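Here is the structure we will look at.
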């Protein structure tokens with residue numbers, strides 16, 4: 001054996017010796033689907049309730065005319081509408097969250113499992129296969145969820161902006177808003193901004209899941225260095241360390257996705273909420289309106305609340321999601 005070959009073999013042995021052994025991944029075939037969806041609906045509803053005020057504030061800032069600073073807008077909601085103002089449209093949003101989240105999780109897990117298996121069979125290296133599977137899963141889950149979520153988004157956002165100058169109509173609740181939108185604009189009114197929603201959430205999910213996978217690899221590299229201390233040996237981090245790394249990776253990927261897709265989200269929100277002199281807002285009309293109001297900076301109104309809510313949501317969602325998969329495994333604790 002040559003010196004280079006011997007050295008390469010030695011390096012491979014060292015890398016294997018310092019390998020981090022993580023808990024086994026729970027894939028789609030291993031899940032008790034009934035438990036997964038029922039428990040998931042309850043857990044994610046609680047997370048949505050905690051983060052909903054930031055979504056309301058973000059939506060108000062995106063449609064405000066003239067624009068208002070974030071803290072002033074929050075204080076105005078609290079002063080004029082009380083704490084309930086931060087939960088306008090929540091019942092409607094929650095009703096749509098359950099089926100939308102079920103579609104999202106089903107498409108996510110099924111696609112990730114199928115694409116990951118197919119790419120590995122083609123001889124693609126494991127890291128590349130995992131990144132491709134994450135990206136494809138993010139894309140398919142976003143498209144699937146929007147079939148349910150877009151009408152809910154339209155109704156809940158109309159309710160969110162009630163009480164502000166941007167509100168074009170008054171509704172007595174989600175059912176009343178649904179009926180009025182259906183009567184005035186038909187089914188097309190409920191799916192207003194559907195294409196823009198796909199353009200917003202599809203790349204957002206691709207960015208999110210890909211950066212989540214890459215962030216985990218980078219963070220685990222640092223953890224391995226800290227835990228190993230240069231001494232080699234197998235490393236088996238506890239569940240607490242695993243959850244901490246997942247949460248940190250989710251926060252990074254959530255913030256990245258929020259920044260990248262913020263202009264698309266602003267355009268989508270204004271299309272779904274505003275009317276221009278009684279005419280339906282189109283993408284071109286919405287962009288021109290934003291540019292008149294404040295240039296390209298207007299597309300980033302509400303970035304602070306959206307960045308915070310997306311990062312917090314990503315952290316809580318992914319830790320809850322991973323916990324959910326573990327307790328929903330067929331051979332799990334229940």
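Start at 1 and count along the chain as shown; that gives each residue its number.
Backbone N, Cα and C define each Cβ position, glycine as well.
Straight from TrEMBL, the features:
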REPEAT    32-114  repeat 'Solcar'
REPEAT    129-218  repeat 'Solcar'
REPEAT    241-327  repeat 'Solcar'
TRANSMEM  36-57  transmembrane segment
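In terms of DSSP helix, strand and coil, the repeat 'Solcar' (32-114) has 73 helix, 0 strand, 10 coil. Residues in the repeat 'Solcar' (241-327) partition by DSSP class (helix H, G, I; strand E, B; coil) as 76 helix, 4 strand, 7 coil. If you average pLDDT over the repeat 'Solcar' (32-114) in this model, you get 86.
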